[in-house]
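Asks: First the structure, then my questions, so here it is.
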Amino acid sequence: MSEVSKWPAINPFHWGYNGTVSHIVGENGSIKLHLKDNKEQVDFDEFANKYVPTLKNGAQFKLSPYLFTGILQTLYLGAADFSKKFPVFYGREIVKFSDGGVCTADWLIDSWKKDYEFDQSTTSFDKKKFDKDEKATHPEGWPRLQPRTRYLKDNELEELREVDLPLVVILHGLAGGSHEPIIRSLAENLSRSGRFQVVVLNTRGCARSKITTRNLFTAYHTMDIREFLQREKQRHPDRKLYAVGCSFGATMLANYLGEEGDKSPLSAAATLCNPWDLLLSAIRMSQDWWSRTLFSKNIAQFLTRTVQVNMGELGVPNGSLPDHPPTVKNPSFYMFTPENLIKAKSFKSTREFDEVYTAPALGFPNAMEYYKAASSINRVDTIRVPTLVINSRDDPVVGPDQPYSIVEKNPRILYCRTDLGGHLAYLDKDNNSWATKAIAEFFTKFDELVV
């Protein structure tokens, strides 16, 4: 593990709104990508320099002058009204897995803008017609959905399954889902060219979905990603698959990529603001006043609410013990007792949550040992898919101490370090995200040019 920087997340060297992209490439260079038309081979970093100008080494970008630190960028992303920004429509599918559990997949459906008479200038649409369709498709007992999201009809789902465009799967962060502004921004940018089919895979219990088995997601929870990608590959063996993870979703994606190695069906991947070293991030969140005060408690309380609303399925009596020795591969979720839920409501950090719930379920003695083992930095060297990595030096959640020395050893990773951007934000004066545009540009050029 790297040492924690002595600099606070806010410091004079990281103030400003003119950002710069820097490539972190190891001494062995980058993997060579094979281009379609001229049969040329080009290094991964040179591919970005030549074909993805937004991510060119030394490229500059301009953020909002009013959001001149990572703290302000991140706070604004979480607190401002983005209800009229990134107005995408989602059709929801309940995805069933081999262990009996479910999650939800929200498919971006651009054609619904026409069907529901969407007005781009006002973001208004035929809500009466939409609500009628939503009511007709909503499963009994399931939570009310976010705006512009409804369950798919059977015939609509069948039509989606016939689409054979390249697919981009988006994985959201720890306290989020498809409704998050940054996820909507990413989905909108990816779909704009019409080149991709886009879906957000909501983790179990997130984005107003239900948990149906006593199994809550962790950093090790890669099985749903694996099964979903395998399902999509089986349906259309010849189409390309891509994935992008944001924050904790980036951790799960990087862990999946490292576990799968050469077996992954993905053609390329991207991570945005991944806390590569969870232990380092946990220390940052506890030691840095801004991170501890403004972010850690909110995330812990979201996780607690997720447990609370799903106690019907997760709950066990007070005093419950594991029915088998818990391990990463065979966890035992015996900690979801009424007593622990009462305790959790006063948690002020994710570490407290993981100390009570996550670590015991996986057989770890404490949260810090869980963080140390579950960090995606442990699996970087076995990633075999070309992967774009974007992290910011002023990220108040991840901190400035990124694991360059380890990541740069893998030639399949293009590490784009930025000096500004905050956590998942990168907001410009119009509240658009530079990062989501950059990721969309990367996938578009990769799909267009690379074999």
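Yeah, the Cβs are placed from backbone N, Cα and C, and that goes for glycine too.
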Asks: According to Swiss-Prot, one residue in LYS114, LYS240, LYS297, LYS429 is annotated as ubiquitin cross-link; name it.
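Replies: The ubiquitin cross-link feature in Swiss-Prot corresponds to LYS114.
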Asks: Across the whole of the domain 'AB hydrolase-1' (166-430), what does the mean pLDDT come to? Round it, please.
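Replies: Across the domain 'AB hydrolase-1' (166-430), the average pLDDT comes out at 94.
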Asks: Pick the one among the recorded positions LYS114, HIS423 whose Cβ has the fewest other Cβ atoms within 10 Å in this structure.
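Replies: Among the recorded positions LYS114, HIS423, the sparsest Cβ neighbourhood within 10 Å belongs to LYS114.
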Asks: Could you check which of the recorded positions (LYS114, SER247, ASP395) sits closest to HIS423 (active site, charge relay system), going Cα to Cα?
Replies: ASP395
Asks: Would you mind reading off the Cα separation of SER247 (active site, charge relay system) from LYS114 (ubiquitin cross-link), to the nearest angstrom?
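Replies: Cα to Cα, SER247 (active site, charge relay system) and LYS114 (ubiquitin cross-link) are separated by 33 Å.
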Asks: Between LYS114 (ubiquitin cross-link) and ASP395 (active site, charge relay system), find the distance joining the two CA atoms and give it rounded to the nearest Å.
Replies: 39
